[in-house]
Amino acid sequence: MSDPAGPTLRDRLRRTPAFGADLPTFEPDDAPDAPHALFEEWVLGAIDAGAPAPQAMTVSTRGADGSVSARVVVLKDVTAEGWHFATDARSRKVQDLTADAAVAATFYWPTLARQVRLTGRAHPAGAEASAADFRERSPASRGAALATRPGEPLGSHAELVAAIDEATARADADRALVLPEWQLWVVVPDEIEFWQGSPERAHVRAVYRKESTGWTRTRLWP
Ligand SMILES: Cc1cc2nc3c(=O)[nH]c(=O)nc-3n(C[C@H](O)[C@H](O)[C@H](O)COP(=O)(O)O)c2cc1C
């Protein structure tokens, strides 16, 4: 709780700057023809600049009942096919995407004041790619994935820790062990927006849209 005599939460939020001063620039006129190349440039720039969790991707979905939800996942790769992430087939996001493939994915690199927004559709990458992704995980990550029962009520934290210990030992003993519910998913965008914040508030915004002839690129008012 904040000190009742001190500044309010509202004051603190208003006084906290959203961006730093030393920001990169973005010139859409010089950007690559395909958004994949620009995204790669930006995510590599975020990694090289030491941005925290540069691979964090917020995936937003819509369920069969129309309810929406969003959560952070780890970006595994970007290929000509799309943006890859891995998850458990029993999770809400997979239930949502199975009912409705429409998806949005968002990246934000705060120290660079850069945001990327994708919208499109998602599909599973297939059993082989999913198993390969699972096998590439560390024993601890495989153990954690094997132990969990996504979204089910959990009695205590100790129960989780014991389940992870037991599953990690199994994963350690058997390199070939794969969680059947492990799924690699691919987000295939039809629109990608790149946004570069500016200390002068002249933010730069450009959107790529997929047309039958290829990608178009348009500068937008921020
Ligand atoms: C930084 C970060 C990375 C995460 N990476 C993943 C991931 O790669 N896959 C995943 O299923 N959940 C990941 N999670 C957990 C999800 O955000 C989410 O809590 C979980 O997948 C359940 O989501 P759902 O019930 O909406 O499907 C991550 C969370 C954070 C904060």
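Glycine is no exception: its Cβ is also placed from the backbone N, Cα and C atoms.
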Which of TRP109, TRP195, TRP215 shares the FMN site with ARG71, VAL72, VAL73, VAL74, LEU75, LYS76, ARG92, LYS93, GLN115, ARG205 in TrEMBL? The record says TRP195
Check each residue in the chain of GLN115 (FMN binding site) that is at least six apart in sequence and keep those whose C-beta is under 8 Å from its C-beta; list them in sequence order. THR106, PHE107, TYR108, TRP109, GLU193, PHE194, TRP195, GLY197
Filtered by Cβ distance under 6 Å to ligand 1, the binding-site residues ARG71, VAL73, LEU75, ARG92, GLN115, ARG205 reduce to ARG71, VAL73, ARG92
By DSSP assignment, list the helix, strand and coil residue numbers for the domain 'Pyridoxamine 5'-phosphate oxidase N-terminal' (47-165), in that order. 41 helix, 41 strand, 37 coil
Looking at Cβ-Cβ distances, which residues of the chain lie under 8 angstroms from ARG205 (FMN binding site) while being 6 or more apart from it? GLU193, PHE194, TRP195, GLN196, ARG219, LEU220, TRP221, PRO222
Just counting, how many other CB atoms are there within 10 A of the CB of VAL73 (FMN binding site)? 19
